[in-house]
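K.L.:
The structure is given below, and queries will be raised subsequently.
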Amino acid sequence: MNKQIFVLYFNIFLIFLGIGLVIPVLPVYLKDLGLTGSDLGLLVAAFALSQMIISPFGGTLADKLGKKLIICIGLILFSVSEFMFAVGHNFSVLMLSRVIGGMSAGMVMPGVTGLIADISPSHQKAKNFGYMSAIINSGFILGPGIGGFMAEVSHRMPFYFAGALGILAFIMSIVLIHDPKKSTTSGFQKLEPQLLTKINWKVFITPVILTLVLSFGLSAFETLYSLYTADKVNYSPKDISIAITGGGIFGALFQIYFFDKFMKYFSELTFIAWSLLYSVVVLILLVFANGYWSIMLISFVVFIGFDMIRPAITNYFSNIAGERQGFAGGLNSTFTSMGNFIGPLIAGALFDVHIEAPIYMAIGVSLAGVVIVLIEKQHRAKLKEQNM
């Protein structure tokens, strides 16, 4: 494997490992500072909004100033963010930490993806991006597991460790990464407004609505999950880490071994509908579960439906996009970010009203998604009849 690509993969792994590390300790951390579910929602939303705003600028600066420089700046910001959260004793410091963290993600991700595109031969580009996705998932899966055990020593330790990982990634980037002589910068063209009139906007309405609605519901549930289990059955950081890591492993296994097989027998819309119904059933079981082991077992399988929906929607976008793959990818990313910003805000406020309220909201949103899919399938059937 190319040495630079290995370093880029390692950087991405460290960043997402660092993000995952802190998930199990958030409930203890927030209670220690006397913060609420609404506060957690604000912290998560601040990260998402900051990343959404900075990402376009991060990509542009990476093209103009060099991707290595932007990656290194992003890694330093990541470490600063984690250290600030580790020493923070009031909400203002934590909020500033999350804003800086979002900025770091908005710089590192465009820089890394752009550099991988620059240094990858055309026949290996898709494979290299596939590896990047798998490495991101690996960081998310291993992070909570490691963070939960670190929290047995101190609930601030995972934040210090994440910050140290950022510094390590920064040093490796300085020493081992080099900007290529030829980059993809010249491949970016100036937006021509007349091209927008050639796009069939109607075909994107359903996937855009689905993306917004589902990212809204899923982020609302996932944001509050650690706090939910801690309050409902008194899960410790170690328990939360086992639940989330187990759920991540099961979700990844289903993505790797079963997603392609399901796609051979179902259309994307049909598969999304069934995945949503599966999620509704599991979420209802979660509402009625009150024991340690029942919630642990549900935690292992609750994320499967969500993990299957995401690639199905991406695949659906891609299939209807035709030659507008970049445009479709941009729409998908934009409306996912919007849902990730709005969802935690509302879920946090609902959690303070009733512990089960965010779950009810996720159930309602999932059912709304099923209705949207059914309406779209019916509309497609009518169009097919008219064209016959």
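In case you wondered, yes, glycine gets a Cβ from its N, Cα and C as well.
Pulled the feature table from Swiss-Prot, pasting it below:
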TRANSMEM  5-25  transmembrane segment
TRANSMEM  42-62  transmembrane segment
TRANSMEM  69-89  transmembrane segment
TRANSMEM  99-119  transmembrane segment
TRANSMEM  129-149  transmembrane segment
TRANSMEM  157-177  transmembrane segment
TRANSMEM  201-221  transmembrane segment
TRANSMEM  239-259  transmembrane segment
TRANSMEM  269-289  transmembrane segment
TRANSMEM  293-313  transmembrane segment
TRANSMEM  331-351  transmembrane segment
TRANSMEM  355-375  transmembrane segment
K.L.:
Please check if the transmembrane segment (331-351) comes into contact with the transmembrane segment (201-221), where contact means 3 or more CB pairs closer than 8 Å and the residues in each pair are separated by 6 or more positions.
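P.N.:
Output yes: the transmembrane segment (331-351) sits against the transmembrane segment (201-221).
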K.L.:
For the transmembrane segment (269-289), give me same-chain residues lying six or more residues beyond its boundaries with a C-beta closer than 8 angstroms to one of its C-beta atoms, as numbers and ranges.
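P.N.:
Same-chain residues near the transmembrane segment (269-289) but 6 or more away: 210, 214, 221, 262-263, 295, 298, 301-302, 304-306, 308-309, 312-313, 316, 356, 359-360, 362-363, 366-367, 369-370, 373-374, 376-377.
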K.L.:
Which of 99-119, 157-177, 293-313 has the most Cβ pairs closer than 8 Å to the transmembrane segment (129-149)?
P.N.:
99-119
K.L.:
Quick one: do the transmembrane segment (293-313) and the transmembrane segment (239-259) have at least 3 Cβ pairs under 8 Å, skipping pairs fewer than 6 apart in sequence?
P.N.:
yes
K.L.:
Of the listed stretches (5-25, 42-62, 99-119, 201-221, 355-375), which one yields the highest count of Cβ-Cβ distances below 8 Å with the transmembrane segment (157-177)?
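P.N.:
Answer, by Cβ pair count: 5-25.
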